[in-house]
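To start, the structure under review is shown below, and the notes come after it.
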Amino acid sequence: MLLPSNLTTSTLMTSSSESYDADNPGLPPEPILSDYVEMFTLVLNFIVGAPLNLAAYTQLSERPTSTRLDLLKRSLNYSDLLVLFIYVPSRACWLLTYDWRGGDALCKIVKMFHTFAFQSSSNVIVCIAVDRLLSVLSPSHHSPNKALKRTKMMLIVAWIVALVISCPQLFIWKAYLALPEYNWSQCLQIWEIARMEKFNKPQVVPEFDAEFWYSILHISLVFWIPCIIIMLSYIIVISWVWINSRPSIRHTSSFSFHTGCDTVDTVLTRASEWNPLKTFSRHVNIKEPEKPMTTPRIVVSDETEVPLTQRPSISPSEASAVMRTGVHTSTSYNANLNRSRALRVSLLLVVAYIICWLPYNLISLIQFLDRDFFSSYLKHVHFCQQLIIFNSVVNPWLYGFFGPRRPSTTGAGRH
């Protein structure tokens, strides 16, 4: 069974011409083994993913105050729910019936929401990456309210852009009665309909291949442009972390006593709490004005450490000595720990997105470069498509909605 020429994540119904039986041209096509396998995986993804995402939705919506990461997780949860409750049922119903019975209006609306669901997923992941980048570059990181407003604005723009990109589907997809004698109709792109109507007529190659350029533009907007933005953002963040994790006199207190190097959590914490990046300098100028009372950072090397508030009480003189050696209060400890967790959760979500989306979109590019090579890998395409659905299933596990709650009154809007 061939895939449509517009092999993008918005192409979610196989056209009638793709499953058309050449030996019996007058009969509707019948499902094959790969269709039943795909239907099984869709149902399995729904059974596992729907409860997880609904539980995540319930817990996220019950939180009285929202950090930046909570806002990003909410938007990602909304897009995952769209994928699981709009795309999965409609695709499964089509595989079950091999017929489109919703009429022209529903065909257009469903296709628009398909594109909207996948485009919003990509856009939210971009927001997560850009938020991590701005936490290093932007001065608003030191103002929690400004940072929270910035994240809200990014998400609003992301959803509006997803809606705008989805609207052309209203004009590209149509319900088409392919076999009137069997009342067998399909929801097809206008180019597929034109090819079917001209099946027995001489083919005229158009000067401007609208379908080709539409496919290139669409796959770029859905995946490749977001992927490039994500990669650039994390390259800058990782470069910033690496440069500023080099051993120096100023940060000797952040070394591990076992290895003599910065711990992983210390490096991650620095990426979210240091001053905004202006130039990639190595702090050559050591002669800085000494401040009368500076509070060094705490090394967050183990998330299971006992908070400082639970440690034995000490005398005032000992407390003064502890302050001089760089130990913060439990509030500072929790804030640094939450920043470190936020960075790791963000990185996990981005990595899962790349792993799940890249195979399908690579194959979609191959069809434009080498159709013969592309044809040899068609049997793997639906498996790669299921990886994209699986991404919506695994996201709640990655951002850990079932984990321990963080303090809602400390560091709000800073993560």
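All residue numbers here begin at 1 and follow the chain in the order shown.
Quick reminder: no glycine exception, Cβ is built from N, Cα and C everywhere.
In Swiss-Prot, Cys107 is paired through a disulphide bond with Cys187, chosen from Cys127, Cys167, Cys187. Relative to the membrane, Leu33 and Arg341 are annotated in Swiss-Prot as lying on opposing sides. Counted over residue pairs 6 or more apart, the CB atoms of the transmembrane segment (383-403) and the transmembrane segment (153-173) come under 8 Å in fewer than three pairs, which marks the two as apart. Cys187 (disulfide bond) carries a strand DSSP state (E or B).
Mapped onto DSSP classes, the topological domain 'Cytoplasmic' (130-152) shows 21 helix, 0 strand, 2 coil.
Here Cys107 (disulfide bond) comes close to Trp100, Trp173, Lys174, Ala175, Cys187: these same-chain residues lie at least six apart in sequence, with C-beta atoms under 8 angstroms from its C-beta.
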